[in-house]
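Have a look at the structure below, then the notes.
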Amino acid sequence: GGTMASESEAQRALQYEQTLMYGRYTQDLGTFAKDEAARLRLQEGDTPRPRRPSELLEYSQGRCAPCRVCALQCQRFLISKVGEDWVFLILLGLVMALVSWAMDFAIATCLQAQKWMYGGLDTNVLLQYMAWVTYPTVLITFSAGFTQILAPQAVGSGIPEMKTILRGVVLKEYLTLKTFVAKVIGLTCALGSGMPLGKEGPFVHIASMCAALLSRFLSLFGGFYENEARNIEMLAAACAVGVGCCFAAPIGGVLFSIEVTSTFFAVRNYWRGFFAATFSAFIFRVLAVWNKDEETITALFKTRFRLDFPFDLQELPAFAVIGIASGFGGALFVYLNRKIVQFMRRQKTINRFLMKKRLLFPALVTLIISTLTFPPGFGQFMAGQLTQKDTLVTLFDNQTWAKQGLSDEFEYLGILEAWRHPRSNVFVTLVVFILMKFWMSALATTIPVPCGAFMPVFVIGAAFGRLVGESMAAWFPDGIHTDSNTYRIVPGGYAVVGAAALSGAVTHTVSTAVIVFELTGQISHILPVMIAVILANAVAQSLQPSLYDSIIRIKKLPYLPELGWGHHEKYNVRVEDIMVRDIRYVTLNCKYRDLQQVLHSTKMKNLPLVESAESMILLGSIERAQVGALLSNQLSPHRRILALRQKVLSEDGHRLSDAGIRFQISTEASSGSPARPALRKPLKPALKRVSSSPADSPPAGTADHTGIALKSLFCANPTAEATEGTAYQKAKRVRISIVEEMILGDKMTPAEILEWEEQQLDQPVDFSSAKIDPAPFQLVEHTSLHKTHTIFSLLGLDHAFVTSIGRLVGMVSLKELRKAIEGSLTGKGVKVRPPLASFRDSTGSTTEADTTALRQLWDRHQHHPMPREASPGGDDDDNTAK
C-alpha cells in the first residue's frame, strides 16, 4: 500500500515537473518516477504500516476471526468468478433454451387450438371457413399491433440488424428489454397463426437481446461487462446460440451465424459460440424429454434412410440439378421479396392508405393466404391442413409416394393422407404446393411482424427435392442399380438435399448442409447435400445479394458491399480520388464563435482537431457532443450570473467574493487533487501565444509549450478530473446560493444577455475539459481502395481522416467507399472510374510521380528542416495540399 501511494505521489510530482524536463526521453521519465518514489518512501520510513481494509478489520478480532476472513474471501472469489466467460455463456444458453422451449410449447398449443376449432365444426363448411380464416387473422393483427405499439424495432428478421451492429454501428433501442418482450410475444403469435413464417432470424435477435440484458444484469456484480469489445464478442456468441437452440443444431448454428453476421470472424470467439450453443441445444432437447414429448434426446426431424446403400452414383446428376435449380429459385425469392416491398413503397395511394391503417395490410395478407390454404377448398391440392413441422416430417418420409405398379399399392397413413388427392396424383399436389408457397412466403415475410424467412424457404426446398425424387422414382421404378439386388430410389433423401440447397441459396451460406444433418440426425447424404448447396450458392451469389443483405439495403442500414474476386486488380482507385476534401475542422487556437459555426455547418459526429488553419497538422478528433458541451458551458446561465455578481461585487467591495474563492480552494485541496492546477498553468499561455502569433515564426519555447498543452489535453488524469468535478460542483452550488441571496430582483435584460454572449463567443477555447481522441483512424491519400475496404471491414470503421505528411487533407466515410465500390462494379461490367483515376496507368507512371514528389520533399528537407508551424516558405505547398 505504501509503495503505491508513494508512486502515485511521484507521478504527481512528475506531472508538476514535466514543464521543466519536457525535452527528455520517456525512458528517462520512467527512471525519474522510480527515483522519486524511492525518495518519498525514504521520507515516509517512519510512518506506521497502513491498516487492513475496514471490512476485514471487524472480523480480525475474536475467536472465529480466521473463519470469517476466509468466508469473506470466498465470497469475493465467487463474485469475481461471475465475471468469467463460461458463467455468462451457460446462463445465456440456459435462458435461451427455456425461451425457445416455452415459445415452441405456446406455438404448438395455438396450432392445436386452430385444428381443434376446425375439426369441431365439421358439420358446416361455412363455419369451418370462418374459424380457419379468422383465427390466424386475429393472431397476426394482434402481433403486428403489439409490436407496433411496444417496440417497432422488433419487426422482421433481426439478422440484418445484427450484422450491422457487429460491424460496429450503434442502432438505438435495438437491444432493450422492451424490444425483447415485443419480439417474443409477437413471434409466438405470428408463428401460432400457421402462416408460412420462420423463427430462425428472430431467434438470433432474441438471443442477442438476452446477451445484452444479461451482461447489463451481471455488471451489477462488477464492471467486467462495460467493455465495448467484450460486448461485441458476447453478441457474436449469442447469434450462434439463437440458431443453435432454434433447430437444436449447435454445430450448424455456430457456422451459420458466422456466415450470416460477420465478414471477418475473430477465431477467439469460436469456442464461446460452440460452448453456449451446445449447452443451449442440450437443455432445449432435455426439456422435450422431461415434458414427455420425446423418449430420449433425438433429432428434431428424424429420418430413417437406409445406410448400407443411401444413393447410387448415377443419381448425382439429379442432385446437381436440384442444386442449380435451387440457386435460381433462391435468387428469384430474394428478388420477389424486394420487389413486393418496393411496390408497396412506390405506390403513393397504397402507401398512404397503409400508413393510415397499419394493421390492415397484415390482416389482408393473412386473409388471402389462409383462404387459399383452406383444406376443403383450394387447400386440398397443396396439403393445406399441415403445419410447417408436419409438412417437413412428411416430406422427409422415406417411403415412395408415387404408385409403383399394382403389386405393392402404397398406403397413405396418418398425416401423409394430406398429400393424397382422389382425382390427381402426388406430382400435381407437390407442384401446386411449391408454386403457391413460394409467393406466399415472399409476401408473408414482408408483413410487419417479427418473423424469419428461413423455415418457409426450407420447406419449399424440401418439397422441390421431394418432387425431383418422386419423378426419379417414377422414372426408375426398380432403382438404377443393375446388379441382382435392387435398391429403390429414396425420395426423402432428395427432399433433404433440396431443403439445404434452397435455404443455402437464399441466405448465401454453405452451413445449411450441416444444419440439415443435425435436424435429420443422418449424415448418409453428405456428398449430394454438399454438391447441391455449393452449386446453389454459386448460382445465387452471381445473380442476387443474400436475403439479409437485400433487407439491409431496403432498410437503408449502413453497409459495405463486398469487393468481388479479381476486381481489385482491374482498377487502381485511391483514397484521394474518392475522399471529401471540403471538411469542417476545429483548430487548437479557435474561438468559441468558430465552434458555433462548425456545429451549424456540418452534421459530422467526429470533428478533426488541427494545430492551426495554416499548418493543418492533425492532432486528434473531438466528438460533436463534446464541442456542444464546451459551447453550452461557455454560454451557461451560471457563468452569466457569476459575471453579473462580479460586476455587482466590484461596486460593493470584495468582501463576499473572497469568502467564495477561499471556500472553493479549500474544497479542491481537501478532495486531494493538487495535480490539476499545476497541469492547467502551462496550458493557457501556450494557447494564447499560439493564437497571437500564427503567421510570424514563433519564439523557441512555443513548440514545447504546445506539446505540453497537448500532452495535458490527452493525458488528463481521470481520477483527478473526477474529484475536481465534484469539488467544482460543490463550489458552484455555494456560489449560486450566494448569488441568489445577493441578486434578488436584479436580472439582465435580453439585450445585455446578447451582448454578454457575443463577448463570450470571442474568447479563445479552453480544451482542457474536453475529451479528445489522440489517435483517430488515419489513411494516407495514396492508400488503394482495396486496402481501405479491408481496413474498414476488419475494424468496423465508419469514417477515417486522410492525411498527407501529418496534414489533414480530407475524410472518407462509409458512404463514399460504398459509392466508389458500387460505381466501379456496375452491373453491366462497365467500370465507371473516378475522374482522377482515369489519367493514371497501372504500369510504372504512378510510382514515378510518387517518387518525384518524395524527391522534392527530400530536397526541401535538405535545404531547410521542416518547421512545426507553417513558415512563409511552406505556404504555397500547403495550399496545393489543401
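Placed from the backbone N, Cα and C atoms, the Cβ positions cover glycine too.
Annotations in TrEMBL come from automatic prediction, not curation.
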Stated TrEMBL location of transmembrane segment, expressed as one of 129-151, 428-450: 129-151
The annotated transmembrane segment range in TrEMBL, which must be one of 160-183, 496-519: 496-519
Beyond the flanks of the transmembrane segment (129-151) by 6 or more, those residues with Cβ under 8 Å of it: 110, 113-114, 117-118, 121, 173, 176, 178-179, 181-183, 185-187, 189-190, 192-195, 358-359, 362-363, 365-367, 369-371, 374-377, 447-450
Interface present between the transmembrane segment (203-222) and the transmembrane segment (234-258) (three or more C-beta pairs under 8 A): yes
